[in-house]
Every structure is written in C-alpha cells, then in structure tokens.
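S.K.: Got these off Swiss-Prot a minute ago, pasting:
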- 1-10: compositional bias 'Basic and acidic residues' (COMPBIAS)
- 12-26: compositional bias 'Polar residues' (COMPBIAS)
- 185-194: compositional bias 'Acidic residues' (COMPBIAS)
- 225-235: compositional bias 'Low complexity' (COMPBIAS)
- 240-256: compositional bias 'Basic and acidic residues' (COMPBIAS)
- S185: phosphoserine (MOD_RES)
- S186: phosphoserine (MOD_RES)
- S212: phosphoserine (MOD_RES)
- S213: phosphoserine (MOD_RES)
- S277: phosphoserine (MOD_RES)
- S292: phosphoserine (MOD_RES)
- 1-27: region 'Disordered' (REGION)
- 177-278: region 'Disordered' (REGION)
- 85-88: motif 'D-box' (MOTIF)
Amino acid sequence: MMPANEDKENNIVYTGNESSGINFPQTPAHLLKRSHSNILKPPVRLDQLKRDANSNNGNTLKYIQGGKEVSPTKRLHTHAQQQGRLPLAAKDNNRSKSFIFPETSNQSKDADLPQLQNTLSIRKNDQLRKLSQISRSRSRANHNDLLSNSRKLQKYGSVLGYNALPKMKSLVLKDLADSGKNEESSDDDEGNEDSESKLGKKLQSALLKQDSSDGENELNGGLGLFNEQGGLQQLIKNSTKNEQKTKNDKSDKTDDYDIEIAPQRQEPLPYVPEGYSPFQQDDIEKLKTFNSPYKLDLEDEDDTPDKVDLLPLEQIDEEGEKDETECITRNQEEGAALPLLSKNFKEVAAVPTMELVYSEEGLDPEELEDLVT
C-alpha cells in the first residue's frame, strides 16, 4: 500500500479555508525540495487571526505568525517565494493566491460586474464621440479647402452640388446613336466644333467601320474567333498556306543551303616562360662550331717549337737540394746564439744546447716516465 502523503496527483487535497468547500490537488511539501521538508507552510486560518485591541477599537484583524505581526500581502508574497515551484494542479496559471479566500473574492467579483459594464459602456461612448468629432472636423477642413481652391472646385464641383461652376471637358466618348443630336447641337456651338471636329470625325469613322464589319461577319455566319473570313478558320487556312509555301521553297532551294564549316584547328603555341629567350637553330650551330681563343694548335705543319709561346721547363737536381739542406742545418748547430743576459749578472750561466734536428729515435721508457710524472 502507498503511504498517506505519497499520491501527490489525486489524494493530497489542499483546503484554502474551512468555510469554503473548494478543494484542489497540491503537491506535498516533502516532495518539492528534499533538502527542506517544511518549506510550504499552511495558510493562516480564521482561528489563527487575533484582534488587535489597541487599533480602531479592536475591529481590525492581523496575521500573527511566530510572535510577529505580518500583513496579508506580505504573507502571500513570502508564501509564493518559499513555495519553490507551483504545484501540479496550478500549472495552468491558477495561482494559489486565488484560493485562499474564494468566497469573498467571488462575491466581490459578482458585485463589481455591473459597475465594470457601466464603465466599459461609458468609455466606448466617449471614444465614439471623439471619433465623430474628429471626422466632422476633417470633413469641414476638406470642404473649406475645396471652396478656397479653384482647381478642386472645377474638378469636384458637380459632386458637391455647385451647378453654377464652369463646365469641364470630359474624356468620355459620346454614343453613336446620338450622332444626329450632336450634329444639331454642333450648329449652335460653332466655336467648340472647330477644336474637336477633326478628332471627332476620325473616331466616328473608325467606329462606323467597326460596326459595318461586325454586321458583315454576322451575315457571313459567325463573329469573332468563329467567323469564317476572319477567325480561327482563317488562321488555320493561313497556316496551311504558309506550310505549303515553305515546302515548295525547300524543294526549289535544296542546293542553296548555307553549309557551316568550322575553321581549321591550329596547333597550340609552345610554352615559353617569361624572361627566357629561346635559341634559334643558327645559334645552336654556332655553339657547336665555336673556337675558344685559349685553344692551342700544337700540331703545326712545320713542327717547329718556336711558334709555341711557352716557357721552357727548368730541370732541377734533387741531389743538389739535399746537399744544401744539410749545409744549412750544420751552420745552425754551430752558430747557436748565446742567450741575452741582463747587466746585473756577471757570471754567465751555462746554457744547454738542444738538438734541432730529429734523429729519428723515440723516447726511452725512462724519459716517458719523466714526462708523465
């Protein structure tokens, strides 16, 4: 079985007031926020209201919660803030505030309905009066503008009822049935006839021709597209005639076709990069037969060495070079220079002589030990 406060959709019922019989589902407090189980506090009931004897002779009521007086609006505001989220039954904009005192709120609404209707009707009547006044003022302004402006009077005078205004020329064409009457009236108005005689005659002649052509078409048996002489049938006849003419022209002019010939395709030019001058065939042959000025023709006809401009080679004796090197080394050994001593030394110390020439013999083991140590 499910615990008592677990079915939050149906079983949990919130009663806003003891006197009111309205119930609606409410989510339990411990399911809204698990960390704080006592967030939703029950609303203040009538038995929790206490009278304040110090103000207004004890007639006012105040909310007393935790030993402090709290106003009803502040109580509702804090209650809505602490709620966290709206209950599941209040998701359709049914706030919990409206269910605290439902009877009093409904009664006040029912009592205020006629007053609201009266105020709305008064506002509508005021708006209609303002609109009518604005429209009247605008019509009067337009009327005054027409009277002050001569052009507007000439255009719209007959509409406004001013029949004494000068008549304007109309672009509407007169009927042909009244042609006789127009001719009789034209005898009276000779001045106007001079200006409009040419154009009127042209229009009348064109309309008479059109009427005569319509009468002939009726006699021939058809009007418009279904006429035998000038309609769909005539178009069909003309198209067949044109097709026959084109066939005859093709048969006569079979040899006169303009044959289109494409131009001969040219070979593409070779690719030449920028800054590169290609060698011609003459240049290549010159390079093949080029004679350098440093080239020597040693093979002459006379085979004489006088013509060759070269220095003769000197022959060097290797034995003589060896003798010279030996003499130089001996002189160096004999004429070894004495070391320069300062003037303070009276006794000349014996300076050991060193062999300058390597005798091609390595060091003894004793000498090697001396070097290492």
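Glycine too: its Cβ is placed from the backbone N, Cα and C atoms.
Because the structure is a prediction, the values reported are computed rather than measured.
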S.K.: Round to a whole number and give the Cα-to-Cα distance in Å for the pair S277 (phosphoserine) and S292 (phosphoserine).
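M.R.: Taking the Cα atoms only, S277 (phosphoserine) lies 24 Å from S292 (phosphoserine).
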S.K.: Could you check what DSSP calls S277 (phosphoserine) once collapsed to helix, strand or coil?
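M.R.: S277 (phosphoserine) sits in coil per DSSP, no helix or strand.
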S.K.: Return the residues near S292 (phosphoserine), defined as same-chain residues 6+ apart in sequence whose C-beta is under 8 angstroms from its C-beta, sorted by sequence, else 'none'.
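M.R.: When sequence neighbours closer than 6 are ignored, S292 (phosphoserine) has nothing within Cβ distance under 8 Å.
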S.K.: DSSP three-state call for S292 (phosphoserine): helix, strand or coil?
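M.R.: Note: S292 (phosphoserine) is coil by DSSP, not helix or strand.
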S.K.: So how many other Cβ atoms are close to S277 (phosphoserine), meaning within 10 Å of its Cβ?
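M.R.: Excluding its own Cβ, the number within 10 Å is 7.
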